[in-house]
């Protein structure tokens with residue numbers, strides 16, 4: 001804990017520097033990945049209810065895809081606009097069947113059913129990723145797509161399809177280094193060492209890790225369903241980004257002013273109850289009683305742990321819902337995320353089980369974990385606020401992760417030189 005006489009607190013200056021760096025990163029990413037404008041022709045009719053729904057969707061799409069140019073034409077009361085629709089449909093070798101009608105590149109879509117909306121979304125995503133303007137023929141459009149990657153054993157995979165799995169892996173990996181989860185698990189396993197039973201330690205640790213992942217999955221599923229219901233509202237993305245920035249700022253603050261002011265940590269008043277549950281668990285006479293106690297402990301501990309890294313699940317699920325995917329795919333990504341999330345916890349259980357060692361998370365290690373997660377969340381928050389479509393690019397996700405780790409390393413190195421006493425706590 002930092003003593004009251006400690007006066008060195010450069011957090012405002014460093015926070016300002018971090019904000020500048022993340023804004024520069026977002027600006028660079030925008031410059032390097034911006035696709036040329038793609039034109040979407042939207043033909044609609046006054047009094048058409050499906051057209052009104054389409055307008056709401058297109059307003060949101062225009063925000064999510066900055067390279068998308070939407071040209072709107074009312075055709076029921078404007079003969080010139082109707083003639084334009086007829087001319088364009090003839091050039092495509094088809095015929096307009098009614099309103100609303102969408103034309104993007106060489107593709108025309110009629111109506112606004114859920115299937116049409118998904119197909120239109122896929123076409124917008126594909127076209128905004130191309131290196132050719134939307135007016136060129138379909139062969140040129142395909143040639144303009146991002147070059148596929150050829151990977152050993154996996155074959156050829158498009159960069160677009162690779163981006164979301166990579167983004168999931170990157171965010172889940174950083175989220176997995178949760179200081180609150182480490183604190184509880186390390187303390188529990190340190191108590192279990194006195195039982196001198198590798199079997200009990202492995203079982204209790206494994207059950208704790210499993211239920212930690214399950215609670216986290218349910219928590220993320222709640223965010224997912226919230227965004228699926230409200231995701232068509234543009235301000236939802238802005239709200240998620242702002243919340244992530246606030247949480248990130250609090251985490252970075254904790255590196256310099258540990259647990260001072262508002263902090264996302266396990267409350268001090270909650271720790272005695274958690275410790276008492278752990279001691280009762282160790283004293284339990286039978287394995288079923290220990291397992292039941294572990295489940296209760298995991299549920300109680302995770303209710304506090306969720307506060308430590310609430311920003312990452314929120315940002316991830318919002319980015320996930322910006323993609324048009326089948327419902328099963330959303331939950332598969334959540335499952336993949338949570339498998340990655342529990343891997344470090346499982347490794348800790350394995351090490352303790354093999355060595356029967358005892359160790360706890362130091363204050364300095366907690367500070368560093370807070371800093372890394374805060375800077376990464378700060379970067380993601382700014383990108384989500386300024387240009388969320390950048391997260392569709394796997395290389396930009398990699399760049400954000402690498403830049404966040406590099407900035408964290410620089411800050412930690414400097415602080416270790418200026419404040420060496422911090423590393424001894």
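Each position is counted from 1, following the chain as shown.
Cβ from N, Cα, C; glycine included.
Note: TrEMBL annotation is automatic and uncurated.
Annotation comment: TrEMBL describes 1-28 as signal peptide.
Feature annotation from TrEMBL assigns transmembrane segment to 166-189 (among others).
According to TrEMBL, the feature transmembrane segment maps to 201-226 (among others). Counting same-chain residues at least six beyond the ends of the transmembrane segment (201-226), those with a Cβ under 8 angstroms from any Cβ of the stretch are 181, 185, 188-189, 192-193, 195, 281, 287, 290-291, 294-295, 297-299, 301-303, 305-306, 313-314, 316-318, 320-321, 330-331, 334-335, 337-339, 341-342, 345-346, 348-349, 352-353, 356.
Annotated transmembrane segment per TrEMBL: 232-252 (among others), in sequence order.
Marked as transmembrane segment by TrEMBL: 281-304 (among others).
Listed as Cβ neighbours of the transmembrane segment (330-356) (distance under 8 Å, sequence separation of 6 or more from its ends, same chain) are residues 164-165, 168-169, 171-173, 175-177, 181-182, 185-186, 189, 192-193, 196, 198, 201-202, 205-206, 208-210, 212-213, 216-217, 220-221, 224, 228, 316-317, 320-321. Marked as transmembrane segment by TrEMBL: 330-356 (among others).
Sequence-distant contacts of the transmembrane segment (368-388), counting only residues of its own chain at least 6 positions beyond either end whose CB sits under 8 Å from a CB of the stretch, comprise 18-19, 22-23, 25-26, 29-30, 64, 66, 171, 174-175, 177-179, 182, 237-238, 240-242, 244-245, 247-255, 309, 311-312, 315, 318-319, 322, 396, 400-401, 403-405, 407-408, 411-412. According to TrEMBL, the transmembrane segment annotation covers 368-388 (among others).
For 394-415 (among others), the entry in TrEMBL reads transmembrane segment.
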